[in-house]
């Protein structure tokens with residue numbers, strides 16, 4: 001029993017030190033501030049007015065830092081592989097799985113914190129900009145939020161981004177070589193998963209609905225949108241003033257029950273985890 005307790009304390013101490021090491025690396029990288037705070041604030045401001053100051057959009061844009069984990073973590077992993085960072089960790093005998101766990105833990109916390117920062121900014125922006133009936137409807141939204149699904153979906157969005165970044169970073173040998181692929185993945189995810197553009201605008205084709213099942217973030221983002229939507233999955237509402245009434249999912253429904261995106265999101269994470277284990281390279285090939 002004493003041996004087990006001692007081993008647990010040692011492992012806990014190692015994990016704590018790894019978290020501190022990864023955290024220091026995170027805060028020293030200016031790229032993280034640009035991608036996870038400055039860029040989301042800029043996009044939130046621009047698109048809030050593009051879509052005629054709709055209060056509901058600020059909740060969607062708050063997910064942007066959770067997505068930009070892809071663009072900040074991927075090159076960091078590649079840089080670690082090209083430096084002595086991972087080599088030193090490997091020499092100390094630390095389990096690689098524990099290091100990966102610490103990276104996931106730190107970036108998960110960073111994603112949640114940045115989500116809250118952008119959400120607060122969006123709420124202030126909406127509160128200042130909205131007047132009369134629009135402001136009353138915006139206030140009413142808080143009483144209809146499904147908070148359980150909200151918390152779960154934020155967690156899943158962050159973890160999915162971290163999993164994709166780990167997979168891409170594990171494959172690449174040089175930051176420049178992977179950056180183009182990272183940006184393609186990021187923009188496809190941002191615009192087609194329902195974060196940047198409302199599903200009512202883009203999900204007008206059944207072919208597109210089916211094709212976007214290949215986007216891992218679609219499942220957790222739609223769960224998030226459902227959490228923010230006062231009705232059910234198939235309830236018809238008039239969200240966009242210039243469009244015919246439809247569900248929040250668009251002209252065609254991607255899901256009909258909450259368990260579907262949850263299972264889909266977890267399945268995507270398991271698949272990414274298995275592929276990453278098989279393909280992750282701890283050192284960059286020269």
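Positions of Cβ are set from backbone N, Cα and C atoms, glycine also.
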TODO: With TrEMBL as the source, identify the stretch among 58-78, 226-246 annotated transmembrane segment.
DONE: 58-78
- [ ] Check each of the ranges 33-51, 128-146 against TrEMBL and return the one annotated as transmembrane segment.
- [x] 33-51
Task: Selected stretch (most C-beta pairs under 8 A with the transmembrane segment (147-171)) from 33-51, 58-78, 177-195, 207-225, 262-280 - done: 58-78
Task: Contact call for the transmembrane segment (58-78) and the transmembrane segment (262-280): at least 3 Cβ pairs under 8 Å, seq gap 6+ - done: no
